[in-house]
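This report concerns only the one structure given below.
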Amino acid sequence: MYIPTISPYAFKIGPIDVHWYGIFMAISIAIGGYYLYRQAMKLNYDEDFLLNLLMIVVISGVVGARLMFVLANYPEWFIKDPVQVLKIYEGGLSWHGAVLGGFLAGLYYCRKKGVRINPLEDFAVLGLSIGNILVRIGNIFNQEVLGRPTEFAFGRWPAQLVGVAMGIILLIRYFYIQKKHMPDGYQFWSFIFYYQLMRGLIEETVRDNPLIWPVYLNEKWGIGFFTLTQLVTPFILILAYWMIRRVLNDPNKQFYN
């Protein structure tokens with residue numbers, strides 16, 4: 001949805017403009033991190049280990065989000081204007097890069113400390129779901145992640161609200177799965193599977209992103225295939241499904257050692 005009168009700035013601190021997007025992201029990180037910490041403490045994880053892990057995952061997630069965004073959209077910056085890559089305050093983050101960066105850093109740290117990551121990655125799902133909700137709301141303030149124009153009465157697909165709905169569905173699903181006591185690791189990989197399925201089939205179809213492989217475009221309906229995210233969706237689904245099967249077939253195994 002596009003609201004031209006809305007401001008992306010919540011307030012100013014001296015010369016610094018504080019974006020609503022940043023506030024929503026910080027809130028989601030705080031909620032997700034606190035929840036993971038509290039749940040992990042119930043399983044007797046070491047407190048210092050958890051605090052260090054959270055710091056490493058958050059920093060690596062932000063770095064991964066920025067690098068993936070630049071790689072997918074402006075790869076020439078790495079050579080022609082590397083300083084631009086560092087200007088994260090100007091916007092431009094990738095959800096997939098954030099998850100990949102945070103996961104790999106968390107995996108490395110857990111392996112270094114000899115700690116099982118499977119339960120921890122499951123606890124991260126709540127924060128990821130809430131993050132999808134709040135960050136998409138932040139996208140509305142930033143006037144980004146817009147939907148494709150359409151000839152339907154609403155004029156443009158509300159892609160950000162589609163993302164909010166996805167986050168709500170995944171959050172409800174998280175609590176439902178928690179009650180079923182599935183094996184460690186199932187929550188995380190099934191979350192990745194269903195997130196990517198909805199992202200590739202629904203959100204990206206109505207989102208105003210470039211079609212890397214323009215197989216189909218209906219300007220009247222405002223839908224199109226295939227964006228970059230849609231092209232990588234089958235590979236992510238295969239990986240997630242493979243990990244789900246491994247978790248279900250051998251619940252007690254730590255698959256990342």
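Cβ coordinates are placed from backbone N, Cα and C, and glycine is handled just like the others.
Taken from Swiss-Prot as is:
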- 13-33: transmembrane segment (TRANSMEM)
- 49-69: transmembrane segment (TRANSMEM)
- 88-108: transmembrane segment (TRANSMEM)
- 123-143: transmembrane segment (TRANSMEM)
- 152-172: transmembrane segment (TRANSMEM)
- 185-202: transmembrane segment (TRANSMEM)
- 223-243: transmembrane segment (TRANSMEM)
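For the transmembrane segment (123-143), the residues of the chain that approach it from at least six positions outside its boundaries are 1-4, 6-8, 19-25, 27-29, 31-33, 35-36, 39-40, 57, 91, 95, 99, 102, 160-161, 163-164, 166-168, 170-171, 174, 187-188, 191, 195, judged by C-beta separation under 8 angstroms. Only residues 6 or more beyond the boundaries of the transmembrane segment (185-202), in the same chain, are considered here, and those with a CB under 8 A from a CB of the stretch are 99, 118, 121-122, 124-125, 128-129, 132, 162, 166, 169-170, 173-174, 177-178, 229-230, 233, 236-237, 239-241, 243-244, 247-248, 255.
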